[in-house]
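The active site, proton donor feature in Swiss-Prot is assigned to A:LYS61; the stated evidence is sequence analysis. If you look up Swiss-Prot, you'll see A:ASP11, A:LYS33, A:59-68, A:SER114, A:164-174, A:187-188 marked as substrate binding site.
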There are 2 protein chains.
Amino acid sequence: MSESRLVVALDLTDKDRALEIARSIGRQVFAIKINWPLVLAGSGSIIGEIARVSRVVCDFKIADIPNTNSIIAKFARDQGAWGIISHSFTGLESLRSVVEASGDTKVFSVVAMSHPGSDLINDNYRKLMDISERAGVYGYIAPGNKLSDLSEIRKRTKKTIMSPGIGSQGGRASDAIKAGADLVIVGRSIYESADPVTAAEAINEEIAKAVEQN
Amino acid sequence: MSESRLVVALDLTDKDRALEIARSIGRQVFAIKINWPLVLAGSGSIIGEIARVSRVVCDFKIADIPNTNSIIAKFARDQGAWGIISHSFTGLESLRSVVEASGDTKVFSVVAMSHPGSDLINDNYRKLMDISERAGVYGYIAPGNKLSDLSEIRKRTKKTIMSPGIGSQGGRASDAIKAGADLVIVGRSIYESADPVTAAEAINEEIAKAVEQN
């Protein structure tokens, strides 16, 4: 697997196009992130298909009761997902059920979000990090386009931070790395590009420079 | 469609079993609720298949950025879902994107949950109801096994309240109705029963008695 720190979000509903891009960039990126729209359009087996060519992060923003959370997490684990994203505002029992069902699949908990109006979550990031530590998460999701939130969260943990909000949501990969992100999520700028391989390589280089300067 | 107030949660991962139960009870219940595990095991088209025999509520606990929320809500609407469940904790823009993409599909927002440890949500139910009213939701999700929360929420709205937490999570259908629920969600007690039709009818009768006494 490459030393890239780039996670490519395939926020697509065209399963064949998603698989085509995954196969073309799978070896040059850290992981490929998929979410519910792609599952709805195809089925849960897309996780396993992409897992053959790349690490897969299931961005399922899990936020239900423990029983349902466990079934979702177990499914992703059985399909070979490297990581899974869960909310933490639903509380300790809810998040712990995800961690317990995930086995080796790494659980990232959302403690701040990248979209406008996410104050109820972002203002509670300390409480959410406390819940997440008690649940035993592997790492955190913190917004790469809200750098003050990201650096506050960085100060409070040595765990892996994965940052969305780059590109179409206004953030820059290099800024997110400098503010403390370990992994950077980029979507439309790559999967909507005419040449995703070149687009991914350009971001890999931007990230590598920022890592050197850090 | 029947005058039942019962919503049956098919929290299954066996698509054929889910369809079999849906066909057998579809006409005697208000709606059938499905969630992510069933979609993961099959595909999004299960929504449309069940919509042929019953109203369908997509319990997707939507909690992502607006762009992703819109795609999920639009998919459910295009499949003929009667209702869809979204979180409100992710804020006004996030919830509004669900309402705007749902068209005629009715959006229920979660303002209190039924599982242990959901305090961060339940303690914020006033804020969440305010966000939900501004987003223009059709109704609310409030726990039928936490009757004081449910009746507080009832006092603050005339909109339709749908209540989970009945049966295996400890609540009783009749108590939830008396505390202000309009629709009651029951899952395992029906889909795990040897005779789901009879089990559903017994709960319909319990609910009807409670409605009369109200």
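In case you wondered, yes, glycine gets a Cβ from its N, Cα and C as well.
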Whole-Å Cα distance, the residue listed as 'active site, proton donor' to A:GLY171 (substrate binding site), is 21
Listed in sequence order, the residues of the same chain lying six or more positions from A:GLY187 (substrate binding site) whose CB sits under 8 Å from its CB are A:VAL8, A:ALA9, A:LEU10, A:ASP11, A:LYS33, A:GLY167, A:SER168
Expected list for binding-site residues A:ILE65, A:GLY167, A:GLY171, A:GLY187 against chain B, Cβ threshold under 8 Å, sequence order, is A:ILE65
Most isolated by CB count within 10 A, of the binding-site residues A:GLY167, A:GLY171, is A:GLY167
The residue listed as 'active site, proton donor', DSSP three-state class -> strand
Reading the DSSP string in three states, the entry for A:GLY187 (substrate binding site) is coil
A:GLY167 (substrate binding site) -> DSSP, reduced to three states, gives coil
One finds that other Cβ atoms within 10 Å of the Cβ of A:LYS61 (active site, proton donor) number exactly 24
